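Participant: What TrEMBL lists as active site, proton acceptor is His192. Summarising the annotation, TrEMBL assigns NAD(+) binding site to 90-94, 100-102, 172-175, 290-292, Cys329. For Cys200, Cys203, Cys224, Cys227, the entry in TrEMBL reads Zn(2+) binding site. For 1-17, the entry in TrEMBL reads compositional bias 'Basic and acidic residues'. Here TrEMBL flags 62-343 as domain 'Deacetylase sirtuin-type'. Annotation source TrEMBL lists region 'Disordered' at 1-35.
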Amino acid sequence: MKKAEVKEEIDNEKDSVDNQPGPSSTDEPKGEVDGDFEMDKIRKFLTNLKIFDTGDKLPKKQILNELTLDGIVEFIKKSGCKKIITMVGAGISTSAGIPDFRSPSSGLYHNLSKYKLPHPQAIFELEFFKENPEPFFVLAKELLPEGFKPTLSHYFVRLLWEKGLLLRHYTQNIDTLERVAGLPDDKLVEAHGTFHTGHCLKCRSLYDFTWIKNKVVEGTIPKCEKCIEGVVKPDIVFFGEMLPERFHQLSDCDFDQADLLIIMGSSLVVQPFASLVDRVKTNCPRLLINMEKVSGGDRLSRMFGIRQGFDFNPDDPEFGRDVAWIGDCDTGCQLLADKMGWGVSHLTIKFIL
Ligand SMILES: [Zn+2]
């Protein structure tokens, strides 16, 4: 179910709650009892929606011996953990020198003043792009993933795959560094698209990275060679565009079967990516490796008390499952690899870097 449809459904359900027989919501001030009743109805309704699935009713038992990196390492070693999902954001590419292209303060926008953009984000808006693709391709020249090398964090994810432990890698990044690090296509979900391919906006013909790159480096706007007229847009997700179908298809089945979720280098504020952390089972441990603690989850479901994102300080630590390791991603990955005792592969990582 698409997000807009979900909202409509919720609105409809709210309407139907308002239309319940009994004290009218307009005749009298709402008492706490009515409020609770309505919230309960909405909560039950949302529970029936897959997207806000409260999921399993698993018996309460201790998952991690301690809510630390050591607790996670012990879990991986002893629990038969075979299906790890990694979710990452810009933080794993920082040490590669990738500029934060969404931030107007990154300096990338200085060359664009002559284009008189209505606002910096316009450069990633499809309607603006259709009218004037030139500013985007000027920026793209600065952003081309060529010349950037994967970080230790990228190679750590590849290591998980080599160890047979990686179910899937979900990335918000468009820099293709996972591919450069050697992660195979089938393990990769580029949630916000990628520079790796592009399509003609008119006839949808497919173009590969090399073709697009050559045009961008030449400083020409890539025009479709088949229909002649259409502009070829790299397959990165612009503001207002749908996420790739692959994201929805795989997230629907992956998260339910994950043994462990590792989130790295993301502030988890962009939806629907951020809400994925609540799609794993309630007994699935979640490790955050990041410069700061983040909440994750989805505001709407948090509001209705269904799923709440991370809980790093549970009332009863014995039943906690969320671990935060605060620091840069490369150091966190190195430490985790060390603690796992992945000696040879670990040396291989260092050698590659
Ligand atoms: Zn075309």
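The backbone N, Cα and C atoms fix where each Cβ goes, glycine too.
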Participant: What residues, ordered by sequence, lie under 8 A Cβ-to-Cβ from Cys200 (Zn(2+) binding site) and sit at least six positions away in the same chain?
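Facilitator: Same-chain residues close to Cys200 (Zn(2+) binding site) (Cβ under 8 Å, separated by 6 or more) are Tyr207, Cys224, Lys226, Cys227, Gly230, Val231, Val232.
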Participant: Out of His192, Cys200, Cys203, Cys224, Cys227, which recorded positions lie by ligand 1, with a C-beta less than 6 Å from some atom of it?
Facilitator: Cys200, Cys203, Cys224, Cys227
Participant: Residues near the Zn(2+) site, Cys200, Cys203, Cys224, Cys227 excluded, by Cβ within 8 Å of the Cβ center?
Facilitator: Leu201, Lys202, Arg204, Ser205, Glu225, Lys226, Ile228, Glu229, Gly230, Val232
Participant: Just jot down the residues in the same chain as Glu292 (NAD(+) binding site), at least 6 apart in sequence, with C-beta under 8 A of its C-beta; none if empty.
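Facilitator: In sequence order, the residues whose Cβ lies under 8 Å from that of Glu292 (NAD(+) binding site) (at least 6 apart) are Ser267, Ile326.
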Participant: Show me the subset of Ala90, Ile92, Thr94, Ile174, His192 whose Cα is within 10 Å of Cys203 (Zn(2+) binding site); these are the recorded positions I mean.
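Facilitator: Within 10 Å Cα-Cα: none.
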Participant: Run through the Cβ atoms and count how many others sit within 10 Å of the one on Cys224 (Zn(2+) binding site).
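Facilitator: Its Cβ has 19 other Cβ atoms within 10 Å.
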Participant: How many whole Å apart are the CA atoms of Ala90 (NAD(+) binding site) and His192 (active site, proton acceptor)?
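Facilitator: About 12 Å separates the two Cα atoms.
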Participant: Near His192 (active site, proton acceptor), which of the binding-site residues Ile92, Thr94, Gln172, Asn290 can be found within 10 Å, Cα to Cα?
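Facilitator: Those close enough are Gln172.
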Participant: Within 10 Å of the Cβ of Cys227 (Zn(2+) binding site), how many other Cβ atoms are there?
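Facilitator: If we count other Cβ atoms within 10 Å of Cys227 (Zn(2+) binding site), we arrive at 13.
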